[in-house]
């Protein structure tokens, strides 16, 4: 005790005199030793045997070291906690015994020390106050009764102290609304207000009367402190002078910021698990009041939902369940997006606890509608998807979670009406989700579905199963069986057969009522009006299958508006898919002419498309030419000729044959003044056609022979016709040169690419001609 008193005196002297750096360093290392000594003293002796003088000198030493800034925060917290434990665990105080005075004196010294720490912190006084509260709060619950009483009394004394001591530079933002861009230093914020008020309010319901009294006393002083802060800025009176125990949460809500309100809500929800300690009805009342008009940030909503999720299994009291039910419904009404996303993050695989929470929100039709809309939005949130190794805020994982949740929700009979209202959109969203799931990385499958590995319920199987369940609950069991008979469900599960599965599914849905098919068709058209590479191929496969429905003929114009964008798509296979749909339309009477609006786009496509797309585009163009009026047909055929002869060298045998035959057709379609221009194009194509008389593909060679014959008639060159009939190709080439020697240079340039042809026969003919 004498050594501690000596140190306190030294620190007091140091605080009023100047020291050089060497002296400061010596004192600093000295205080480290002293802290260890104080902690050892307070811990070694049993609480009731430790000298009161030693305790008081220890507290004085702490105060002195704090005044000269020698105590680091971690050291201070450690020694304060040790000090609290040493004093609070003293045996229950005997109000009449000889130790009563010493106990009272020790607790008074502790209060004095805490107040001195706040005062000596200077501009950091607000932070120091909150730090002490933070250390005291855990000691007010789940402790021996005497410890809880003494800890609560210290909070009450500190709360009373700040009503008379002016905390330096405290910001008013903790008691009143501020500008949206308001910012203040952390040292000026009273961020613990919500947590403190919530905890104290619950403690007012504690069974121990002393603790209740101290908690109510602390709330009374806090209320006075808040009103004082307001009066300094708005010149109002000190407010309510109500007696103890009348301070219910309504009195504080007008002073609490959303962050403080959330703190109180979280404390109240956690207290639902301990009916033997706090009054559940008071805690429920607090939650109900603070959620009357929630205006929380997404992160705050997540904290509330997480707290409900974690504590719900341990809550048994009906009033607590009713409060949580109401809380979820209120939050869902005000913050539907945040609530749904939060619950999906809490339980991506939809555990029984999460399902209980979903059922609560589905108990009201309006809330059920909002939940389904938000889940649908999660499924369609494709553009924001990203690869991640965490479930938090990952749209890919959240969309998987939404699929799994919908699968469970569909089994609940209470929400069928709401599901029916959005069936077309939900059906397509789940179908797109199946497509997306085929692209999951192994890491994402492991993260999301690890708890279902034993029963092999993979993400892709769950997504496909969701579609089956949806169709069944909507009364389409026959379609489900028909799709299964054609292998559609199995095809959907594998990436290489997935699009075939989509086609089978689409054909199965063609047997549903016309109003439903029309709604699905219109929704697909709306989705496809905006490019989205995530699911556009699946949507287009389904869309083009639906075009085969004769009762949707009046709506083909929607498709014709969309197709130009997708004819130019860089998505592999998309132009071919669209062209096949157009080809079917060109063969349907009464509809074929309407496809002519796409003619310019298809002609343009020939230059840059792959062989698969050209294979379909050429028959489409052939059909369209026959649909044009005479003059338009002549002009189009003339324009098309230039685009066809480069295709004679395509790697695909089919493209070579089709392009040569279509070129042959264009010669017969040109009329009037366009014939003169067409003759130049025919002359230009003669040499390639002659070479391809030796094409390795017999169909191409035959098409070339027929084209040469047509060219001889078009050019009225009898000698060419005679030589063609006798198959004297080398003589034809000689005649070609003899007829117009000025073109020899052009012919030489035209024949050179054939020297690199993959076909030996064409290389040989090119060499011979050169």
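Just so it is clear, glycine is given a Cβ too, placed from its N, Cα and C backbone atoms.
Those TrEMBL annotations? Automatic predictions, nothing curated.
What TrEMBL says about this one:
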DOMAIN    3-118  domain 'MROH2B-like HEAT-repeats'
DOMAIN    169-372  domain 'Maestro-like HEAT-repeats'
DOMAIN    576-770  domain 'Maestro/Maestro-like HEAT-repeats'
REPEAT    598-634  repeat 'HEAT'
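Long-range neighbours of the repeat 'HEAT' (598-634) within the same chain, counting only residues 6 or more positions beyond its ends whose Cβ lies under 8 Å from a Cβ of the stretch, are 560, 563-564, 567-568, 573, 575-576, 579-580, 582-583, 586-587, 592, 640, 643-644, 646-647, 650-652, 654-655, 658-659, 661-662, 665-666, 669-672, 674.
Per DSSP, the secondary structure of the repeat 'HEAT' (598-634) breaks down as 33 helix, 0 strand, 4 coil. Within the model, the domain 'Maestro/Maestro-like HEAT-repeats' (576-770) carries an average pLDDT of 88.
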